[in-house]
């Protein structure tokens, strides 16, 4: 597709771009006869005068028209029909661009129907994904990949994930109680690290130590578990197959925590109780455990399609986020390679998910944050309370500076703009397009220095708002003109297409714009 060729971008330092993709062009292209998926109704995209898009240096004009079909098909112009998402490469990743909670799970759930394998590569139960099935039932997943609702998909929890088994089994029990069969469809890496209750306790003690400088952790034990991994006294899933040495390793973890934190008391009885619990877990987990590095790479060699579901988001990345107010893993593109054992040159499409505005849970700098009634109005409209913690999310305008930074790091090929419907009815909408220092100097990129970030003045563009309810819209052309201009201005500022546009929580509330 002309659009796909224009949008393809190499992952910086990871995926080598082809010479063709790197060439600059000013040619104007037309999107012709490409139906796209939107749940119950489908779209046929054709050339027209509506919806100008700038992709790198390529101008594209498209008009979407709704059609009805029994399945998602596309007219290729050669008499053959193909699925609207068939242009996606063998390996596709869906990553967050902001501070999490962008709605990645919904796109993964939709795309999972077209992929053989859905894999998670990093993070733990701090990644809350909310998805809905065809009956409208809500599922809040934290460890299990969102593709689990598609019965033909195999879900993989990779080596880069930290796993709290009590929570993991609770998710499985909840899924199966609602008729979702996980047997033989859910695989756990033998290299993944186990997250124990003591990690969660230590997480809370660490936050208490920081007092007024708290990071705002979810207290799910993610950081302490990755710390155990880094100092090499962590316990891996594969260790459950060697229970004769498991207690000794567990004892070391308990003693280490007691030595570090005054509030943590070591006792042999506590170690024994944990050991007794994990003997039971070992038996139940056994049929889930595999060498996922071998499984994923074998699946790739066999031509199977692999979808990678990112947890958290780029601005929470331990290397690129607002450190130290970040997570303890790499939710950016590099985490895919280290968290699954997949070579960089095998990565294909990388879709960045961004809310039409910005939210953040917990502490840390947030330049476009809205306070008072404005922030509360946006929070209520978007139901912005954390999936994992239930904490109210901080809300603000879309931060283009941060979004461009995420695009640079990850080499996204397209953007999934979510929750556009939340902006309906607001008196005005704004985009934070630049940062300026106190002296008025415009910053070239997102700063690492938090003292600078906390003092920047955001330069905004104010755009015309729209009053119409767009939750039933399934065609880009049917969006209010003001909403289209908002989308197109974002595309101009980041140089990428907003190919997927979310207009509501349900599976069908998606416009695919080609």
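Every residue gets a Cβ built from N, Cα and C, even glycine.
Features of the protein shown, as given by Swiss-Prot:
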{"type": "TRANSIT", "residues": "1-73", "note": "transit peptide"}
{"type": "BINDING", "residues": "100-106, 128-130, 393, 419-421, 502-504", "note": "GTP binding site"}
{"type": "ACT_SITE", "residues": "101", "note": "active site, proton acceptor"}
{"type": "BINDING", "residues": "101, 128", "note": "Mg(2+) binding site"}
{"type": "BINDING", "residues": "101, 102, 103, 104, 126, 127, 128, 129, 218, 232, 312, 327, 391", "note": "IMP binding site"}
{"type": "ACT_SITE", "residues": "129", "note": "active site, proton donor"}
{"type": "BINDING", "residues": "387, 388, 389, 390, 391, 392, 393", "note": "substrate binding site"}
Least buried by Cβ count (within 10 Å) of the binding-site residues 126, 130, 312: 130
Which of 100, 103, 128, 392, the listed binding-site residues, has fewest other Cβ atoms within 10 Å: 392
Under 8 Å by Cβ from residue 106 (GTP binding site), same chain, sequence gap 6 or more: 130, 131, 132, 146, 418, 502, 505, 507, 510
Cα-to-Cα gap, residue 392 (substrate binding site) vs residue 100 (GTP binding site), nearest whole Å: 13
Alpha-carbon spacing, residue 503 (GTP binding site) to residue 391 (IMP binding site), which is rounded to whole Å: 24
Top Cα neighbour of residue 128 (Mg(2+) binding site) in the set of recorded positions 101, 103, 390, 391, 393: 101
Nearest recorded site to residue 393 (substrate binding site) by CA-CA distance, among recorded positions 100, 126, 129: 100
Candidates 101, 103, 390, 391, 420 (recorded positions) with Cα within 10 Å of residue 129 (active site, proton donor): 101, 103
